[in-house]
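Q: Got a structure for you, written out below as structure tokens; questions coming shortly.
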Amino acid sequence: MRLRIDLHVLTTIFTLISSTNLQRSDASIKTVEEFLDTLINSSRYDRRIRPFFDQQKPCNVTMTIHINTISAINEVNMDYNTDIIFRQSWYDPRLNYSGTDWAQRSPQITLHYSLIDRIWVPDSFFRNAKEGKRSDITVPNRLIRIHRDGKVLYSQRLLLKLDCQMKLQKFPLDNQTCVVNIGSYAFGTNDLAFYWDESQNVSAIRVNEDLEMPDFVLSNHEAKYCNRTTATGAFACIEVHLKLQRNLDLYIQELYLPSTLIVTLSFIGFWVDYKSHPARTLLSLLSIVTISTQAAGSFTCLLVVLHLKRLFGYYLVQVYIPSMLIVILSFVSFWIDHKSVPARISVGLLTVLTVTTQSSGIRSQLPRVSYIKAIDVWMSACLVFVFAGLLEYALVNVIARKGELRQQVRFSKERKGTDRPPKLTLIQKLQNGSTFAAERVIGNRLAQVQFYKKEDGNDSAETMEALVHKSSSADRNAGGNASSHVQYSAMSNSSGPISTQANPLPQVVLAQPAPIAKAAKPVRDSAQFVDLVSAVLFPVAFIVFNIIYWMVYLNMQVEYVLK
């Protein structure tokens, strides 16, 4: 305790002597170099001791941050890069020269950045920094300015990679809050206090008006205090909360829309004929594989504007012509027979997957921006054309199967009407005493059935039915002239007694020739008609799209606002 009091007394005496020497030697100082050498001379200024140490009160440091850029927000490593201008202000009574003639000559003095090592500066650091460095292009970007009342302004440009603990439960429908945490490493709250500079009713956190991020939009920012207590003591801490709102347009274009098309593509398998095993298996497997795959003051500035014109030949050869050929290839399927299911499914599915893969490869080489680019419009249109071509075949397949089924039902009805004579005709012929022969299927064999009427002297009559089983060619070869197997049955159609005479000899009557069925009326091939219409409509629509696309984007002018 006694040592601390003695040090306080010595510091006070040293400050008074130095101030007296500065005022006494002021008349002999002719240049600003001599004045600076006197002001921060090590004989009167000790950079190892903080301001207000002799008064036993903390040094208050006010801070502002100007955010130039925020980039490379990485969800995997949970960090982001930022380019900021970090400003700190504090009072150092040892640098007060208001009682000298130089206070009127120079109310404030801007020092060379190399003199920063000769005065005391706060030991502020970024708590959540993973990497960081000062900008040295073209010289170290540091500013040190001393005011006549002893106020010191220290500004520097920093390139930082900061940690950001993200909550990804709602990804990509999420909003994140990233923090810029600033604290003192060695000085406790009794020695150093940090405050946000809001003395001029201006926010201490300033953001570049042209700030753009690929995935996020900076919706809000807040300046807060966060004093920390650790094992070595209590330390000052301030922080900035950056509220980031994720831009969903990019994920709709690159994730949700392609995956929705792939799932819809897998549903086409339900409309393909179940007998086409290779086509349905190929469609399902490929769908699975694809889905799994500001400081006070004005500063001089010079501006050079470079107008660059992109050479279009590379993209024409590598992107536009191949994708155009793929779309034209998908139109070839309209000229393939709709009954060739594997061929048409393969052409349609492979063109869809090729366009999707090509689009993903192009996007991987471009920055992830939220607005729609011309190449995005082209690749999306190509994907729509080839996908529509595959959907067209699903429609054609359904129409073809319905047409075949309708034709089979119609042919079956017409055949039944010609092969089955009505029973009334048979009865009428028997009542007239005539005979009739026909073929019937009994069990699993085809037989001739002879109907005739037998009369006797008692005016009794019997209707006889003789079944003459037709022998096969093998039976005829084995039995020579053996007679066919004959079976009789009798049905009485009178009230008299049934005759018991011997069975008469069978009368074999050849079957009457079956009448020729009328040819079914041809059914209009609607599936082929749809293919024909598509073969004309799709190329015309693609040509119209090309005309509109090139007219719009070759004449479009993008305005750049230079500030």
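Numbers here mean position along the shown chain, with the first residue as 1.
Here the Cβ of each residue, glycine as well, is placed from N, Cα and C on the backbone.
Nobody curates TrEMBL annotations by hand; they come from automatic prediction.
What TrEMBL shows for this protein is this:
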{"type": "DOMAIN", "residues": "34-247", "note": "domain 'Neurotransmitter-gated ion-channel ligand-binding'"}
{"type": "DOMAIN", "residues": "319-550", "note": "domain 'Neurotransmitter-gated ion-channel transmembrane'"}
{"type": "SIGNAL", "residues": "1-22", "note": "signal peptide"}
{"type": "TRANSMEM", "residues": "255-274", "note": "transmembrane segment"}
{"type": "TRANSMEM", "residues": "281-306", "note": "transmembrane segment"}
{"type": "TRANSMEM", "residues": "312-335", "note": "transmembrane segment"}
{"type": "TRANSMEM", "residues": "347-366", "note": "transmembrane segment"}
{"type": "TRANSMEM", "residues": "378-400", "note": "transmembrane segment"}
{"type": "TRANSMEM", "residues": "529-552", "note": "transmembrane segment"}
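If you look at the structure here, what lies around each of the features I listed?
A: The domain 'Neurotransmitter-gated ion-channel ligand-binding' (34-247) scores a mean pLDDT of 88 in the predicted structure.
Within the chain, the transmembrane segment (312-335) has long-range Cβ neighbours (under 8 A, six or more residues past its boundaries) at 343-344, 347-348, 351, 354-355, 358, 362, 375, 378-379, 382, 385-386, 389-390, 392-393, 531-532, 534-535, 538-539, 542.
Here the transmembrane segment (347-366) has Cβ contacts under 8 Å with residues 254, 258, 261-262, 265, 282-283, 286, 290, 319, 322-323, 326-327, 329-330, 332-333, 336, 373, 375-376, 379-380, 382-383, 386-387, 389-390, 393 of the same chain, all six or more residues outside its ends.
Same-chain residues lying 6+ beyond the ends of the transmembrane segment (378-400) with a Cβ under 8 Å from its Cβ atoms: 253, 257-258, 261, 264-265, 268, 271-273, 319-320, 323-324, 326-327, 330-331, 333-334, 338-339, 341, 344-345, 348-349, 351-352, 355-356, 358-359, 362, 526-527, 530-531, 534, 538, 541-542, 545, 549.
Tertiary neighbourhood of the transmembrane segment (529-552): same-chain residues 327-328, 331, 334-335, 338, 377-378, 381, 385, 388-389, 392, 395-396, 399, selected by CB-CB distance under 8 Å and a gap of 6+ residues from either end.
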